[in-house]
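Quick look at what TrEMBL annotates:
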type	residues	note
DOMAIN	17-395	domain 'Major facilitator superfamily associated'
DOMAIN	466-638	domain 'OST48 N-terminal'
DOMAIN	668-791	domain 'OST48 middle'
TRANSMEM	12-32	transmembrane segment
TRANSMEM	52-70	transmembrane segment
TRANSMEM	79-98	transmembrane segment
TRANSMEM	110-132	transmembrane segment
TRANSMEM	152-170	transmembrane segment
TRANSMEM	176-197	transmembrane segment
TRANSMEM	234-256	transmembrane segment
TRANSMEM	276-301	transmembrane segment
TRANSMEM	772-791	transmembrane segment
Amino acid sequence: MRQLYANLENRFLISPKLIYFAVSTAYYALYLFRAKFIKDYLRLDDTTYGDISGVMAIVGFAGATLWSWIGDNSGRHRLVLMIICLGMSLSAEFLYFIAPVQDELTRTVLTAVVFGLYAIFVGGMMPLADYLVLKILSNRPGFSRDLYSRQCLFGTAAYGVTSYLVGLLVKAFKLPIVFFVLPASSLFAVGILFLCAPADQPKSWGMTPQPTTKEPEAAVTQHPLKTLLLNANFVFMLFVVFLTGSARAVMTTFLAKYWDETMRLTETQVGTAANFGIFLEIAIFAVGPLCIRLFGVYWMLLMAQLAMVLRAWAYVGMSNTTSVYFVYSVELLKGVGFGFTQVSGTKVAMESAPDELKATAQALYSAFYSQLPLVLTAFAGGRCYQLYGSDLLFKITAVMASLALGLCTMKYLADVLTVVSAKSLLVLHDGTVDEGLVSWLNGEDAADLFNVKNSDTPYSLIDPYSDKLSYENLLMVTTQLPASVSNEQFVEYAKRGGNVLWMLPMEHASLKNRTVKLAAEFGRELDVQPPSVMDYTDKDDSTNTTVRMVPETATRVFGKGGMLRYRGRSHRLISGNPLVFPVITARKEAIAVCPPTVGLGQCTPSFGADNVLVSALQTRLNSRITLISSDGWLRERNSAARRLADWTFQRSGQLTIESYQHVNLEGRSSYRIGDRMELTVCLKLDGKPMQPTDMQMELTMMDAWVRADLHPVGDCLSTGPVKLPDRYGTFTLSMRYQRKGWPHLMRKEKFIIRPVHYEEAVRFMLSAMPYYMSWIAMMATSAFLVFPFIFPSEKRG
């Protein structure tokens with residue numbers, strides 16, 4: 001059983017789906033029948049129900065923020081979610097003792113208190129479930145947060161299944177059956193969380209670990225919550241989702257009543273209209289990752305606002321003569337609005353929050369989109385509907401949705417202008433940066449400087465709305481990373497094509513654990529106290545270390561050059577990473593010496609070429625990450641340092657495919673079995689022709705059927721005549737070239753080989769000679785065996 005679960009987990013990643021389904025089951029166990037429970041079982045009127053709903057929304061907002069904050073500060077998100085699942089069902093059980101109370105005022109107050117306690121627990125369920133699901137998607141190799149929408153699909157499925165089953169139970173056993181459904185659903189959720197949720201990582205509450213070594217300067221850092229609330233993109237998103245959430249809350253609360261009283265729809269038509277939005281919502285969740293890749297987060301948020309505007313204004317213009325099919329088509333916009341808002345809003349909240357407050361950010365998003373709008377709807381919307389009817393309420397709703405759309409549009413225009421005028425380089429420093437050096441490295445392009453010690457201005461390497469890089473290049477001259485950008489965002493920046501030149505200050509005392517972890521993400525191994533490289537055999541200067549270039553990779557980065565002088569620290573490369581390579585290493589006579597006051601485990605001495613001084617990483621998406629152990633070598637402003645910066649920022653070392661074509665040497669437009677083809681490729685390195693001698697092309701169908709080397713022909717490369725295989729079908733013609741220090745070239749296309757026509761089939765094939773000989777041998781053997789029976793010998797008397 002355990003092996004079966006492991007196989008399903010590796011292939012389909014079922015743990016986040018089970019978590020979302022189980023938690024949603026407990027969340028929706030009382031959700032749909034809450035109004036019926038208050039009105040019929042507790043005997044309260046519509047006005048009281050609206051007031052209680054408003055109280056629940058206010059308390060739920062506080063509960064969502066409280067539980068998420070507790071989870072972030074304790075590091076026990078799974079335990080907190082299990083506790084609130086149990087607390088939710090236990091608090092609802094108190095309603096059993098309220099029903100017999102005869103005094104209406106007392107019954108109302110007790111109901112509000114119990115449902116308020118219930119809302120405190122319910123409010124924190126979905127934000128913490130979102131956090132656990134996103135944590136699994138982020139930490140599992142081969143998966144990403146973009147798959148979040150597919151996990152939400154199981155939450156929608158849980159809503160449908162739970163509502164249907166609870167409806168059947170209520171119909172069969174009346175409303176008190178809910179007192180048994182809630183504990184069962186909460187225990188089911190707790191069991192799934194215990195088995196499938198990632199283990200907690202407890203933190204010391206309110207305690208900051210003391211550094212083992214003294215820093216040269218005290219770092220001035222701001223509180224993570226302040227960093228989150230100063231993030232303009234996050235605050236803007238909260239305001240927009242509050243406006244569109246208010247419009248959604250009005251529709252959710254009053255549409256059923258509007259359909260029944262004004263449009264005179266039957267119960268079947270009401271249910272069908274509601275299902276139209278749910279069906280499209282499920283479809284959007286299923287294709288959520290594709291939508292993120294096609295449109296980006298901002299466009300999804302913009303389309304969600306547009307869908308809500310069209311839906312709201314459509315109901316403003318409706319009357320009792322409107323066709324029910326028009327209502328069905330308008331309700332499809334509900335699925336677009338909620339699906340796109342949920343996918344994009346969750347992603348923006350996760351990307352905007354510091355590592356310590358990711359669950360809190362999810363809670364704030366959920367509160368502003370779902371809970372605070374219910375407060376406005378319960379207290380203001382209900383009274384507006386009673387006093388002025390549905391027309392004024394729907395007009396106010398349409399105006400609020402239009403305001404949200406207008407804000408999103410203006411934000412888009414601002415983002416476009418920002419991207420157009422964006423500077424190409426961002427410099428992160430700790431106050432020791434040389435602005436002249438930055439100008440020398442970056443040429444004529446302007447740069448933004450950001451002091452990680454004393455700046456309170458948050459920024460983002462990737463704009464969560466336009467989904468584009470805020471800066472093409474990143475220069476880091478610091479050992480301290482800014483609190484407003486997590487390690488995951490640095491990695492995502494590199495995955496999106498951002499280039500990083502990281503120089504460690506030569507005089508730094510020690511490195512923080514977060515800095516060491518980020519270096520490990522980039523394939524480097526740093527010590528908390530990096531060792532100093534010394535070469536006692538160098539007679540020219542006893543304080544310097546003479547270093548050499550690694551022949552292949554250094555030439556691709558620097559070009560041809562002689563020996564370089566280097567003074568400072570060293571690092572090592574993590575084995576097993578094929579993308580990272582050394583650029584400059586120490587001579588074999590050099591050694592790395594640890595400071596005498598450093599304890600065990602903080603510094604590792606090394607010898608010879610194991611001391612890497614400069615290393616580089618060329619990703620498969622062609623972004624480049626260079627690490628220099630000490631910035632003193634770069635501050636000398638020699639030509640090699642400038643070439644290194646040019647290579648990192650992709651101003652040199654650009655290998656591109658200039659032309660790529662294949663022709664059928666038989667003169668036909670299509671390829672057939674046995675035809676001869678020729679592939680010609682022209683490459684350019686920094687605008688000049690390049691002819692590597694180790695390139696191949698492959699023709700594959702499951703396995704490689706043809707492999708051919710490319711040879712220099714003029715300024716290009718050619719395979720020469722290549723005979724196609726004796727197999728027809730759809731093949732893949734591919735050419736791939738990946739070498740350290742150069743961009744990754746990949747070209748694939750569908751290649752169809754057709755069978756020959758029957759009148760053109762070859763009557764004799766030399767390759768079929770074994771079959772011909774076997775047939776001749778079989779016929780000869782048959783004749784030899786049959787001959788005695790045809791001509792038997794006569795018996796002599």
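Cβ from N, Cα, C; glycine included.
Automated prediction, rather than curation, is the source of TrEMBL annotations.
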Request  = Determine which recorded stretch among 110-132, 152-170, 772-791 has the most C-beta pairs below 8 angstroms with the transmembrane segment (12-32).
outcome  = 152-170
Message = Using Cβ atoms and a strict cutoff of less than 8 Å, what residues sit near the transmembrane segment (152-170) while being 6 or more residues removed from its termini?
response = 17-18, 20-25, 28-29, 31-33, 126, 177-178, 181, 185, 278, 281-282, 285-286, 288, 342-343
Ask   = Which of 52-70, 79-98, 110-132, 234-256, 276-301 shares the most C-beta pairs under 8 angstroms with the transmembrane segment (176-197)?
value = 79-98
Positions on the same chain near the transmembrane segment (79-98), where near means CB under 8 A and six or more residues out = 23, 26, 30, 37, 41-42, 67, 70-71, 107, 110-111, 114-115, 117-118, 120-122, 124-125, 128-129, 132, 176, 178-179, 182-183, 185-187, 189-190, 193-194, 197, 200
